[in-house]
Amino acid sequence: MDDEEINRAVLAYLNKKGFNRDELALEDDQNKSLSSSAPPTHPESQRGSVKYQEEYDNLRSWAYRSLDLYKRELLNMLYPVFIHCFMDLVAKGHTQEARSFFNSFREDHEMMHLRDLQKLEGVLSPSHLEDMEYAHSLRQSKMNIQICKYSYELLVEYLQKMKSISILGIINEHINFRVYSGQPGLKLDDIEDEILFGNNQDATLHINKKEVRWGLLKDSFEERLEKVVSDSEKSEGDGKEVDLEETKKRLVEGGKQKKLKKDKSVGAIGKNARSETNSITMPPRMITEPAVPVMPTEVEKSILEDLRNRVKLNSLALPSVSFYTFINTQNCLNCLSISHDGSLVAGGFSDASLKVWDMSKIGQANMQREHESAANENALGSGEGRKSYTLYQGHAGPVYSATFSPLGDFILSSSSDSTIRLWSTKLNANLVCYKGHNYPVWDVQFSPLGNYFASASHDRTARIWSMDRIQPLRILAGHLSDVDCVQWHVNCNYIATGSSDKTVRLWDAQSGECVRIFIGHRSMILSLAMSPDGRFMASGDEDGTIMMWDISSGRCVQPLMGHSGCVWTLAFSCEGTLLASGSADCTVKMWDVTASAKVARTEENSKTGNSNRLRLVKTLPTRSTPVYSLQFSRRNLLFASGVFSK
């Protein structure tokens, strides 16, 4: 029996017993309750919801009709006004009106902000604005928009003339205009001012004021080897030779020296960087980090030989490129990684397997095929050809990333099963399974010394690990979305992470504290690379844009435009004069970055003139092969790899 039937029964009983007054009183109470439970109609509220759409539509039409000189700046402020109009309608309970408004104007912003719109599309009630961290961060932050004085005056005059109260309220609360004098134009060093970010502006500025010691790792193994190389070259000029025993003695003596010499660096960028780092305190190693690992004599000899035969690269002397193309992968190859000497290539597959190819064996097999008869050639193709790789199995989901240790004796792989596995290339076996992340691990990278590694995950954190411990040493939390890529600084004191929230963060590896937030990308960051001198960082995003950052100041030196697809991999040459980028557009591009130090050194160069700007030197197209991985060898030979897509 429902409430209505009960009420009718009570009224019938009161009428039967003659309780007329009680019957009238009960009817009055029922009428009042019905009137209070009925949904109220607020004509003013309805007019307000319609007013949002009218005011935005008029503002949009006015911006598109403005002069071309000012149109770009005026169109820039439409996106933040659009999303805040939508969220205001949702917050006031006008869900249907908000959905209609969203669908009416979303096409204007899909090209630049598709991922953000897909996230906001799920906001259907006021509670979602609080529960969804991305929407909540947008409501609590402001967007910086750079606009010339005349454009700003035109906008204010229009809004006041049209009495667009709702739009004015949104602009006052959620947009911070940075007005400058002069003609409209985008300043490259202030490109991040046009990007929406979910962090408090004051907090971000405070973080970017922290000191970052970007110098090289003091007394590193390669640095001592470079000293020996420079000394041996001088002695060879005088007719003297340095044998291996003398080399090892110099290495030991070099390890005991506490003061670095300024005239022993190799390469143009390295020389400038070390002369500058000598003027500041050299960064210490990580507290938990042991001494520089002792390497076998054969490895020392090999590295020494590589450094002696290193080719100096510049815009006129480009590197030789060795490209490894994989065919018949059935769209199951997710990632590729190349060892430092290019002898090994690892691939992660969707069937949870990891395969490692020894390129020297493949080369020997190819040479044998050329000298054998057709019958033997077919036999070899069915025998050794199929066994040209080593299969590693252990993951329970697709493998998304793989990385070699500096000496190539270990491999790390990460998977959708939220684990990281350590493999031995000598034993061809799994040694350790690291568990800590709660969701798929997108990337994993060894530190330059090989003792530590960092991982990036869908759980919006990056973690620092030690090879001898199964639990993470540090958890780096702060990104608002997936952490898609991770990269170590050359001195091992810092770790850079790129995220789907369109920011790059730099973390102190000792404290786990964020010391830099780099803002400027318009889409998710997919790749990172550190310059050999430790001063600059390059980041590539989903839209094909590459940005060169000055780590000490936290500012963008210059965006590099040229790719038409996702930038999946970046690599600096050994002396830091060239930057190689690999993309989904099936090209490898070479960028001259020698001017980055000059651009970042003085504020005058960053404000005026196009001289000393970074530039594209060469584009190397592939044959329908997106570029998955790039790696410069110690001799400055560029190795690249990709999967044939047709």
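Each position is counted from 1, following the chain as shown.
Using the three backbone atoms N, Cα and C, a Cβ is placed for every residue, glycine included.
TrEMBL lists 25-52 (among others) with the feature region 'Disordered'.
Positions annotated as domain 'TFIID subunit TAF5 NTD2' by TrEMBL: 49-175. DSSP assignment over the domain 'TFIID subunit TAF5 NTD2' (49-175) gives 103 helix, 7 strand, 17 coil.
The feature compositional bias 'Basic and acidic residues' is assigned by TrEMBL to 228-256.
Annotation source TrEMBL lists region 'Disordered' at 228-280 (among others).
When averaged over the repeat 'WD' (326-360), pLDDT in the model lands at 93. Feature annotation from TrEMBL assigns repeat 'WD' to 326-360 (among others).
The repeat 'WD' annotation in TrEMBL covers 392-424 (among others). Taking DSSP states H, G and I as helix and E and B as strand, the repeat 'WD' (392-424) has 0 helix, 20 strand, 13 coil.
Look at TrEMBL and you will find 434-475 (among others) tagged as repeat 'WD'. Using a Cβ-Cβ cut-off under 8 Å and counting only residues 6 or more beyond its ends in the same chain, the repeat 'WD' (434-475) has close neighbours at 217, 220, 286, 288-290, 292-293, 397, 400-407, 410, 412-422, 481-488, 490, 492, 495, 497-499, 507, 509, 512.
Note on the repeat 'WD' (476-517): residues 115, 133-134, 137, 195, 197-199, 204, 207-208, 210-218, 283-287, 289, 442-449, 452, 454-458, 460-464, 523-534, 537, 539, 541, 549, 551, 554 of its chain, located 6 or more positions outside it, place their CB under 8 angstroms from a CB of the stretch. The feature repeat 'WD' is assigned by TrEMBL to 476-517 (among others).
Here TrEMBL flags 518-559 (among others) as repeat 'WD'.
Annotation source TrEMBL lists repeat 'WD' at 560-601 (among others).
For the repeat 'WD' (392-424), the residues of the chain that approach it from at least six positions outside its boundaries are 295, 299, 334-341, 343-344, 346-356, 430-435, 437-446, 448-450, 453, 455, 457, 465, 467, judged by C-beta separation under 8 angstroms.
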